[in-house]
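Remarks on the structure that follows.
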């Protein structure tokens, strides 16, 4: 019986091998071809879906963009590790110095103002039209860069007490630059009023010369008017706000930013507040500015404006780009959504700028230092476990001759404590 079993098993094995070979020869080529086709089709679909999915979740622009203006927006949101560890909160900063045209948050504003003017027929590329603007520097740099890219000229008016490297850069970009003595907004020689008057004179002279057949000055003059132009806050409503919301997955407790024109704080607040009603919006205000009292007490006033004093600068601070002593349309657009304000002295801004270099390797501009100081104060007020977002508006490279000249060099062996920053005092 066992021998018969062995014979049976062996015969069955041989028969199986023969049948397998026969089946392979008869049917396998067709099956193999079908399998190859199936795999090819589904592999292609998987690759296409993966490509679409990966692009959908990327934080950043497409791999290839059209011109320098395509490099604006979609900036990273970085965690400032030292401040997060020191406060127990997550302090995040929008790296606006990575915008690709003028390397500041003003790239968004400049592009928005130009596009709105084009839509309204106020400017035409390559027609000789000139953009005029009154600015402390960053908006002018962004406008000058984009003007060249889009076929315009730029004429920038700025206070003469701003860092010289800003006007030098504007000249390298081909802009005409007027450095005018600081003056109140009510005076015609104020840098904003001068830009407005020059734009109007340009347009009027072009029209007059056209009627008599001369053309010494081509095109029209367009006054960008960043303080009152709604394209300012809309740039942040359409760009900065949605980016922050997406990068935070809709979860943040406070947004902190300085205000000069007011476009950033208003645009971001107008976008985020309806979606995150319980979040806090905080203005970071340098010394000499009246916005702190405007938010806290409803009155635009600073103690440095008391009767019998006359300040050399519009806002008595070494901080550039934020702080103001008048109401602007852009700030008023979102003022009711602003919950609080933090006053930051020059000494505190300088100490924070040095801290960011020492602890994080972040070389921040003056307004960015003010923002980060106010973010820390907000974090300490809210308590551990909260998420605060602020802005790194531009780098320190535009503040070398003034703000960073005062801040000095950061030594290699320095070990600053956060208390030193919070309690920083002016040198006597």
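Heads up, the Cβ atoms here are built off N, Cα and C, so glycines get one too.
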Listed co-binder of pyridoxal 5'-phosphate (same site as 260, 261, 262, 263, 264, source Swiss-Prot) among 160, 366, 367:
367
For the annotation transmembrane segment in Swiss-Prot, which listed range does it cover: 7-27, 28-48?
7-27
Does residue 264 (pyridoxal 5'-phosphate binding site) have same-chain partners at least 6 apart in sequence with Cβ under 8 Å from its own Cβ, and which are they?
105, 233, 236, 240, 257, 258, 391
Rounded to the nearest Å - Cα separation of residue 260 (pyridoxal 5'-phosphate binding site) and residue 106 (N6-(pyridoxal phosphate)lysine):
11
I want to check the contact list for residue 367 (pyridoxal 5'-phosphate binding site): same chain, sequence separation of six or more, C-beta distance under 8 angstroms. What comes out?
258, 260, 286, 319, 320, 321, 322, 393, 394
Taking the centroid of the Cβ atoms of 260, 261, 262, 263, 264, 367 (pyridoxal 5'-phosphate site), which other same-chain residues have Cβ within 8 Å of it?
232, 257, 258, 259, 265, 321, 322, 330, 331
For the C-alpha pair, I'd like the distance in angstrom between residue 261 (pyridoxal 5'-phosphate binding site) and residue 106 (N6-(pyridoxal phosphate)lysine), rounded off.
11
